[in-house]
Amino acid sequence: MVCSVVDICGGCERSNTLESKVRELYECFNIGALGSRFHLYASPDSGYRARGEFRIYRESSGVDSTNALPSLYLSMSAKGKNSRIKIQNCPILLPALQSVLQALLPLLQHSNILSQKLYAIEVLGSRFSTQEHLPQSLPKPTAMTWLDSSSQGLCYAIEPDEWQCSDVAITLIYHKRLDSTYEQAARELPCALKALCEQAVPKMVREITIVARSKNQKLCFRDSIMDSSVQDCITDVVQVCGKPYFYLRKEGQFCQPNAYMNACMLSFAKSMIQAHKRVDLLEMYGGDGNFSIALAECFNKVLVTEVVKTASAHISRNALLNNITNITSVRLSGAETMSALSGEREFYRLKGVDISSFNFSHILIDPPRSGIGDGAMLAFIAGFSYIIYISCNPASLLKDLQVLLQTHSIENFALFDQFPHTHHKECALILRKQA
């Protein structure tokens, strides 16, 4: 990666290499003993990130005039300091996001209405948006020797795509009331942005959505007329084991940040369960259905629980988009899910859902950084024949495994370089109940 502020900006550090991450996992989890059951997915070095958050940096033009507007730049937190630095570009973003941001800042700069009280900018992009240009399949793995040279794992080196087409959502966050004058100016922004991007790289950007936010306000603008109910969403296409899946990614709602590693995670989970005796799947903390949509065809029925009301509704929308009919999405917390499945309590939210009809063979969990932790929840999870555990924190994963490995064994372990140039590690494990 070529970046003028690497090791100055707090976002990336050269010292955080993939080799150092493998070394840490090797020491904590004894992955050398897994041999070819350990899978390493190496991300492209740049142009991989599908979302980002930036503050605004203003710099005086030096012109002695009350009408001169300060220059606008994106900014990030400085490494190890309570301050911010201006950045010209962020090379880890998807190319389409970089292109849109380069075109956006001058447009904002020359409009006092759009730039006044602008506090932050958030971006969301998709890797592919058309059926004509789908992502490449995963490359064939190569054997990789681990640190003690006594065993080998499998490494998938993911290359950046030669051609990309993206949908882009730009969120402008203000500390002011967004009145009719602002709305009129912002309405022209998507088309102006689209024209500039088309001049720079034709057909790289398909749709641009502008979301303007302020306290108790949210305005959406798009460069084409589409379904008003999904104005704050972009279309994403993910290739999983040779099959494309379509997702609506909602602005302001969590989605996997690395567009390449997301496809790898879904493909890993789907391919590793093919030899299992599969009946029904329970996914907890389901988000927008990222995993369930891709795995649904592997099971008779899928139950997805999610505590966020808007996310739960979004799962159903994504299922409809892919003509998937065997997913049931319900709004339940983890504790409520345990109560419902054990028959301890009935929920009005489950009206019309026959919980007793499910015969779960698999559970998929993607908990927050804190992990599961709770003893009752871990005991509940341990009751399933197969566990698909997605973790963004090896430390909490290690603690949970101290309980789960009393009843299960590790079938496959994967490390995804979800966050290159950082110390963060994303892991996925397939656990099988011991005989």
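Cβ atoms are placed via backbone N, Cα and C, with glycine included.
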Among ASP179, ASP366, ASP374, which residue shares the S-adenosyl-L-methionine site with GLN256, TYR285, GLU306 according to TrEMBL? ASP366
Other residues near the S-adenosyl-L-methionine site, CB within 8 A of the CB centroid of GLN256, TYR285, GLU306, ASP366? PHE254, GLU283, GLY286, GLY287, ASN290, PHE291, ILE390
Would you measure the largest Cα separation among GLN256, TYR285, GLU306, ASP366 for the S-adenosyl-L-methionine site and round it to whole Å? 16
Could you state the whole-number distance in Å separating the C-alpha atoms of CYS392 (active site, nucleophile) and GLN256 (S-adenosyl-L-methionine binding site)? 11
Sort out the sequence-distant neighbours of ASP366 (S-adenosyl-L-methionine binding site) for me: same chain, 6+ apart, CB within less than 8 Å of its CB, listed by position. TYR285, GLY287, PHE291, ILE390, SER391
